[in-house]
């Protein structure tokens, strides 16, 4: 079938006029759409006439908004973004509140568990004093706690585990600050050795260091000899939880306590009723700071400069500085450090007040290492064979 020739409008006499349907004309359609007949014909560049209803242009005469405020897509995205942000804020608030509540519960758990140990130790001490029993009350309490744990472990193991878990915060606290509880006797050492003659002092040092070295040698060789006799193998100790290291926040907090209480004691020597109570905060803070600094030293340094020595020197230097600035001397300040009077305690009395609790805590440590104790008990009968 022959192709039908296409009719070309007469008003478009040239190819240029046929192909020139400019962008400006399209834009002007908005302004002149009311003058264009709905049945007008558009001419394509190839000269083909195409009928088109310009009603569609009329519909597009309004500004074209690709993503307007009524767009459902954008509304969904906005709602999802808001939901995500709200959920993230809620999760952050929830995590913060959960962390805060966890810390509060941890502190309360520590206070309760440590308080029970302290109360039990004080009650035992009063009972032994009232009954005029010379045996150490804390040592008796340690054996009682260990026996209770062993009985529970053999009958109700879950109860023994729960009891250990309950007192774990108190045990970690005691383990963390254990060296401080033995420091007061070293801090007041200048008062104790002042009236000792030099010859007697040398003898005392010889007995202390010579006896310490001899006891270590005897204990070591005895253990080796027993192992050879019974032909037993070494048993690894049970892993023990380690307390957390000291943070910079703790160091700065104790430093602030030391500075404020030191200055306050200089200007108000009896602000807390007695000089011992007034000196207690800065002397305690100086001891704690010395222990923190000593604990942070490298391991090679701590072999020579032990944290106990560090905190002892720190407390003595603080007492010396206060005695010099207050013009009272070193002896009265050291006397206020350890008064041995319950109604007028010093910093050393507070620290030494934990010694009984330390002995009670040894029962839990013994229970953790009960496998080693059982192996030792099994070895004893073979020594008599």
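Each Cβ is built from the backbone N, Cα and C atoms, and glycine gets one as well.
Your range for transmembrane segment, going by TrEMBL and the list 71-88, 233-250, 251-268, is 251-268. It is 104-120, from the ranges 53-69, 104-120, 155-171, 308-324, that TrEMBL records as transmembrane segment.
Beyond its flanks by at least six residues, the transmembrane segment (104-120) meets 141, 166-170, 173-174, 354, 357, 360-361 of its own chain at Cβ-Cβ distances under 8 Å.
If you look at the transmembrane segment (346-367) against the transmembrane segment (204-226), you find fewer than three C-beta pairs under 8 angstroms, all six or more positions apart, and that falls short of contact.
Same-chain residues lying 6 or more positions outside the transmembrane segment (280-298) and placing a CB less than 8 Å from one of its CB atoms are 177, 179-180, 183, 187, 245-246, 250-251, 254-255, 257-258, 261-262, 265, 272, 305-315, 317-319, 322, 333, 336-337, 345-348, 350-351.
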